[in-house]
Amino acid sequence: NKYCNIKCSKVAHTVCQTGESTKPSSKNCAKVSITSVGVTEEEKKLIVDEHNRFRQKVAQGLETRGNPGPQPAASDMNNLVWNDELAYIAQVWASQCQFFVHDKCRNTAQYQVGQNIAYSASTAAYPGVVKLIVLWENEVKDFNYNTGITKENFAKVGHYTQVVWAKTKEVGCGSIKYIEKGMKSHYLVCNYGPAGNVLGAQIYEIK
């Protein structure tokens with residue numbers, strides 16, 4: 001497939017490694033009971049709207065949390081749009097059931113691609129996509145804009161910084177919902193183009 005021509009520092013592309021199917025991996029997914037694969041049209045809209053709502057909140061200087069807060073306003077925040085190719089690659093990876101592991105090569109011909117992963121489970125109902133994105137947003141509480149992202153703080157704030165990375169233009173996500181130990185579980189993989197979280201770069205320009 002065409003993704004076998006896209007290389008990332010000597011690692012084969014996810015879609016080259018796994019094949020082009022978005023069906024759950026029979027080997028890895030056997031340990032859970034999968035109930036749905038993929039994002040609905042409604043979920044796509046919710047994902048884009050929630051990213052842009054939060055990006056605008058930060059851009060307008062309305063995010064009071066931080067270490068220290070508030071976060072400075074931004075002058076260069078792009079509005080995100082959905083990208084089906086990013087979503088497809090994210091879905092191929094989500095369907096591998098390699099929970100909480102980032103794939104090594106997810107780029108497209110157009111973009112270096114970043115990634116956020118989230119998981120939540122409940123006995124009552126499957127947690128929605130907005131709830132999962134809010135988990136990423138909440139990392140702002142540990143973020144110091146002046147320090148930016150470093151190897152030291154990346155694990156604590158890296159999801160937040162990708163959500164609000166100003167130069168990112170497009171997002172696409174894959175999802176699987178499954179039952180594990182009686183819990184209704186939702187696993188979300190979002191891919192971003194162009195990628196954020198470039199060490200040493202500013203997450204956005206201050207207004």
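Counting starts with 1 at the first residue shown.
Note: Cβ is positioned from N, Cα and C throughout, glycine not excepted.
If you check Swiss-Prot, you get these features:
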DISULFID  CYS4-CYS16  disulfide bond
DISULFID  CYS8-CYS105  disulfide bond
DISULFID  CYS29-CYS97  disulfide bond
DISULFID  CYS173-CYS190  disulfide bond
DOMAIN    49-192  domain 'SCP'
CARBOHYD  LYS141  glycation site
MOD_RES   TYR111  phosphotyrosine
Check each residue in the chain of CYS97 (disulfide bond) that is at least six apart in sequence and keep those whose C-beta is under 8 Å from its C-beta; list them in sequence order. PRO24, SER25, ASN28, CYS29, LYS31, VAL32, ILE176
Rounded Cα separation (Å) that holds between TYR111 (phosphotyrosine) and CYS4 (disulfide bond): 15
Within 10 angstroms of the C-beta of TYR111 (phosphotyrosine), the count of other C-beta atoms across all shown chains comes to 19
Hey, which of the disulfide-bonded residues CYS16, CYS173 is the loneliest by Cβ count within 10 Å? CYS16
Restricting to the same chain and to sequence separations of six or more, state which residues have a Cβ under 8 Å from that of CYS190 (disulfide bond). ILE47, ALA90, GLN115, ASN116, ILE117, ILE133, VAL171, GLY172, CYS173
Closest to CYS16 (disulfide bond): which of the recorded positions CYS8, CYS105, LYS141, going by Cα position? CYS105
Taking the Cβ of CYS4 (disulfide bond) as the reference point, list residues of the same chain whose Cβ is under 8 angstroms away and which are at least six residues distant in sequence. ALA12, HIS13, CYS16
LYS141 (glycation site) and CYS105 (disulfide bond), distance between Cα atoms, whole Å: 30
Rounded Cα distance in angstrom between CYS8 (disulfide bond) and LYS141 (glycation site) is 33
Helix, strand and coil residue totals from DSSP for the domain 'SCP' (49-192) stand at 46 helix, 33 strand, 65 coil
